[in-house]
Amino acid sequence: MEKNAGTDDALALSEATARDYLVLLKPRVMSLVVFTGLVGLVVAPGHMNPVLAAISILCVAVGAGASGALNMWYDADIDAVMKRTRNRPIPAGIIAPNQVLAFGLTLSAFSVVTLGLMVNWLSAALLAFTIFFYAVVYTMWLKRSTPQNIVIGGAAGAFPPMIGWAAATGEITWDSVVLFMIIFLWTPPHFWALSLFSANDYEAARIPMMPNVKGELSTRRQALFYSIIMAPVGVLPWVLGFAGPVYGAISTLLGLAFVYYAWRMWVAGSQPEMLAAARKLFRFSLLYLSGLFAVLLVEALVMKALIAFGGF
């Protein structure tokens with residue numbers, strides 16, 4: 001009987017498809033990482049060989065996916081408890097944990113070594129540090145130990161523009177640090193809004209998110225605080241001259257709207273009103289970051305096209 005059960009388990013694990021492995025890469029998170037990395041690469045001064053640019057973005061994507069896989073390997077116990085994650089490949093019994101670990105480590109090594117050999121070792125070092133920071137510092141330490149987990153751990157998601165910039169220029173500049181800071185400051189209000197309407201899930205998994213440790217009021221206050229700091233930082237690319245007036249105007253409007261949504265969440269009276277405001281802030285935060293970086297990308301592409309064709 002035990003032998004048959006073991007055979008059934010092995011059969012279930014062997015039926016993992018390419019789609020199941022794709023889920024391990026956290027494709028939705030990866031898409032935002034790849035996009036911000038691409039923006040950093042394109043906005044950086046100069047022109048990069050298209051093939052090397054494609055290799056750089058591929059390595060950022062693979063590295064981001066590797067981080068996601070390592071996160072799912074370590075967090076399998078948490079994922080099994082939370083409603084939104086219990087159907088992931090490990091808790092669902094589709095892929096064995098050791099296979100996920102091997103998959104994540106292989107992708108990590110491939111992305112870092114390929115980026116170093118084909119592009120430059122500065123960008124590879126930044127990618128390696130990003131993977132380490134997310135998989136070890138955030139996932140294995142911060143996430144389960146402090147309500148400031150996503151404040152410090154948010155650095156991992158903020159590195160891709162710096163990686164793209166370093167791939168294109170071989171340097172880390174203050175301009176690339178500004179792109180890092182935009183995402184770094186965006187992360188707390190984004191995830192705290194999520195944690196407010198997912199508090200029960202996090203509590204069941206014993207993850208010390210801000211609402212469960214410090215309370216909803218403190219979470220709302222800190223989300224507003226970070227939003228107020230983030231809004232002017234989002235305008236800095238225009239102030240520093242590596243973005244144009246269109247970006248300056250749009251980033252100002254988006255920043256003011258972000259602060260407004262955070263303020264609405266702060267002043268919400270009833271529980272239903274607060275939860276509705278948290279969902280609106282969460283959704284708008286995605287629009288804010290993608291919109292900001294999309295305008296940066298379009299402006300940079302237009303400017304470089306004008307220069308290339310002698311129109312500027």
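Positions of Cβ are set from backbone N, Cα and C atoms, glycine also.
Summarising the annotation, Swiss-Prot assigns transmembrane segment to 29-49 (among others).
Summarising the annotation, Swiss-Prot assigns transmembrane segment to 50-70 (among others).
The feature transmembrane segment is assigned by Swiss-Prot to 90-110 (among others).
Marked as transmembrane segment by Swiss-Prot on the basis of sequence analysis: 117-137 (among others).
Per Swiss-Prot, the feature transmembrane segment maps to 150-170 (among others).
The transmembrane segment annotation in Swiss-Prot covers 177-197 (among others). Note on the transmembrane segment (177-197): residues 36, 39-40, 43, 150-151, 154-155, 157-162, 165, 209-212, 216, 219-220, 222-224, 226-227, 229-230, 233-234, 236-237, 240, 258, 262, 265, 274-275, 278-279, 281-282, 285-286, 288-289, 292 of its chain, located 6 or more positions outside it, place their CB under 8 angstroms from a CB of the stretch.
Long-range contacts of the transmembrane segment (223-243) within the same chain, counting only residues at least 6 positions beyond its ends with a Cβ under 8 Å from a Cβ of the stretch, are 43, 45, 174-175, 178-179, 181-182, 185-186, 188-189, 192-193, 251-252, 254-256, 258-259, 261-263, 265-266, 281, 288, 292, 295-296, 299-300. Taken from Swiss-Prot, the feature transmembrane segment covers 223-243 (among others), and the record attributes it to sequence analysis.
Within the chain, the transmembrane segment (248-268) has long-range Cβ neighbours (under 8 A, six or more residues past its boundaries) at 189, 193, 196, 220-221, 223-224, 227-228, 230-232, 234-235, 237-239, 274, 276-278, 280-281, 284-285, 287-288, 291-292, 295. For 248-268 (among others), the entry in Swiss-Prot reads transmembrane segment, with the evidence type sequence analysis.
The annotation transmembrane segment is assigned in Swiss-Prot to 292-312 (among others). Sequence-distant contacts of the transmembrane segment (292-312), counting only residues of its own chain at least 6 positions beyond either end whose CB sits under 8 Å from a CB of the stretch, comprise 35-36, 38-39, 42-43, 47, 161, 182, 234, 237, 243-244, 246-247, 250-251, 254.
Ranking 29-49, 117-137, 150-170 by CB pairs under 8 A with the transmembrane segment (90-110) puts 117-137 at the top.
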